[in-house]
Amino acid sequence: MKKNQWYNNQIFPWLLPIVIVILWQVLGQLNLIKSTMLPTPFEVVEAGIRLFQTGELQENVYISTKRAVIGFAIGGAIGFLLGLFNGTILFFEKLTDTSIQMIRTIPHLALIPLVILWFGIGESAKIFLVAVGVMFPIYINTFSGIKNVDRKLIEMGKVYGMSKWQLFTNIILPGAMPNILVGIRYALGVTWISLIVAETIGAEGGIGYMATTAREFMQMDVVVLTIVLYAILGKLSDFIAKLCEQRLLKWNPAYRKN
Amino acid sequence: MFGIELQNVGKSFGNNEVLRDINLSIPKGSFTAIVGKSGCGKSTLLRVIAGLENVTSGSLAYTDGKAKRSDIRIMFQDDRLLPWESILKNVAIGGVGIKEAEAALEKVGLDGKKDAWPDELSGGQKQRVALARALASKPDVLLFDEPLGALDALTRMEMQHLIEGLWQEQKFTSVLVTHDVSEAVHLADRVIVLDEGGIQMDKQIDLPRQRERDEKFTSYEKNILDKIVGG
Ligand SMILES: Nc1ncnc2c1ncn2[C@@H]1O[C@H](COP(=O)(O)OP(=O)(O)O)[C@@H](O)[C@H]1O
Ligand SMILES: [Mg+2]
């Protein structure tokens with residue numbers, strides 16, 4: 001491993017994105033890229049400041065984040081509990097796993113027409129879509145995590161007098177945790193994608209609503225701003241998930257610092 | 001302390017008859033070794049004694065009335081430490097308190113490692129932690145399933161000393177499964193040779209402890225080895 005190379009540091013990976021943004025700005029200012037096609041980074045930032053001053057930015061980000069959190073919580077809880085029951089109780093696995101695996105193959109965004117007919121285009125439709133999208137990755141990873149916990153450790157726990165509850169909290173759950181966290185990170189990605197799609201179908205408030213109205217008024221700077229906002233929120237949630245990973249898996253040398 | 005009494009014990013997995021008609025009485029406080037070829041049913045016998053497997057026929061009893069399964073501990077070939085718990089927490093499981101866990105770690109000479117993670121320890125150290133975990137609850141019966149099989153020769157000798165010393169001090173009833181005849185003669189009062197699911201030999205070892213590899217030692221060793229190989 002070449003660890004001490006000049007390019008192996010915190011700053012170098014940021015070089016390329018910075019160059020691209022500068023290039024984009026320069027090309028825009030020279031009118032080589034028309035601002036009706038793609039506004040310059042400065043114009044996007046200006047749009048952000050403008051909307052921040054009117055308060056629209058914060059409000060819409062808040063609305064979207066709230067939808068994401070509620071949808072993720074509902075879908076995550078259902079997926080986790082299903083995974084838990086199916087992973088530990090054979091009866092539930094035999095009863096439901098095949099059905100879940102079948103439903104799972106439907107792309108959840110294909111449900112949109114149905115969801116609109118069921119819920120209209122209000123809040124519940126968006127939260128429902130996010131929850132459905134989140135449920136499956138969490139379910140699958142929780143289930144397989146529990147299934148793959150080392151049987152020998154469970155046997156040891158039994159021999160050493162652990163109660164059922166202790167077996168669960170001390171062996172099964174921590175053993176399944178790496179998989180569960182993989183599911184959570186994947187599900188976070190699904191959350192934002194579901195929301196982006198859901199919010200463009202007649203939303204009241206939210207980043208998608210911002211994007212739709214901006215498109216109608218040909219405000220290219222705001223359209224690009226909304227894309228950037230989604231990217232930032234996605235990155236931020238991934239960052240939080242990574243922090244959780246580092247905390248919960250600190251026993252694992254791969255996640256231990258230094 | 002309590003002993004173990006097996007009467008006409010048989011154990012089958014489907015059509016595979018692994019143990020047949022085992023009669024064995026293990027007095028409390030004794031040290032018994034079980035040797036035999038790989039696959040002859042040693043682990044199965046140990047798991048039957050621990051109550052992890054039900055017998056197909058015959059009966060198993062713990063002598064001395066009030067004995068419970070919870071007074072039995074097993075030390076496995078692999079350490080089976082929980083990777084997500086510190087060394088101390090690994091020993092303090094199943095109702096064992098922190099104080100008792102610390103004392104047990106001190107006995108195996110690892111009190112300095114109590115805050116480490118298991119993967120920061122060597123194989124020998126991990127097995128010492130497993131031994132501390134087995135001892136921490138002051139068990140009446142300690143079953144060893146080839147616990148030293150994966151260790152290098154030197155570490156193995158150290159562990160043998162440690163186990164012998166702790167047994168002499170605490171007098172738990174010990175049953176050691178091993179494929180190493182020398183280890184069996186070194187540690188046990190009595191060596192049992194298992195073959196084709198039955199007891200082929202039941203040999204008392206009358207040697208003073210700490211045992212040296214003298215002429216008597218090697219003659220016991222040869223005697224037992226011949227029985228295993230020759231049948
Ligand atoms: N849970 C089980 N299910 C089916 N067969 C088993 C099981 N455990 C052990 N056996 C069989 O019992 C025999 C003896 O195994 P074991 O007691 O592990 O032998 P040893 O410890 O002497 O090497 C082997 O043939 C093994 O395949
Ligand atoms: Mg075995």
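Each Cβ is built from the backbone N, Cα and C atoms, and glycine gets one as well.
Here is what TrEMBL says about this protein:
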- A:57-241: domain 'ABC transmembrane type-1' (DOMAIN)
- A:12-33: transmembrane segment (TRANSMEM)
- A:68-91: transmembrane segment (TRANSMEM)
- A:103-121: transmembrane segment (TRANSMEM)
- A:127-146: transmembrane segment (TRANSMEM)
- A:167-188: transmembrane segment (TRANSMEM)
- A:222-241: transmembrane segment (TRANSMEM)
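Contacts between the transmembrane segment (A:127-146) and the transmembrane segment (A:68-91): present, as 3 or more C-beta pairs lie under 8 angstroms, all at sequence separation of six or more. Sequence-distant contacts of the transmembrane segment (A:68-91), counting only residues of its own chain at least 6 positions beyond either end whose CB sits under 8 Å from a CB of the stretch, comprise 97, 100, 126-147, 168, 172, 176, 180, 183-184, 187-188, 191-192, 194-195, 233, 237. Residues 128-129, 132-133, 136, 140, 194, 197-198, 201-203 of the same chain lie 6 or more positions beyond the ends of the transmembrane segment (A:103-121) yet place their CB under 8 Å from a CB of it.
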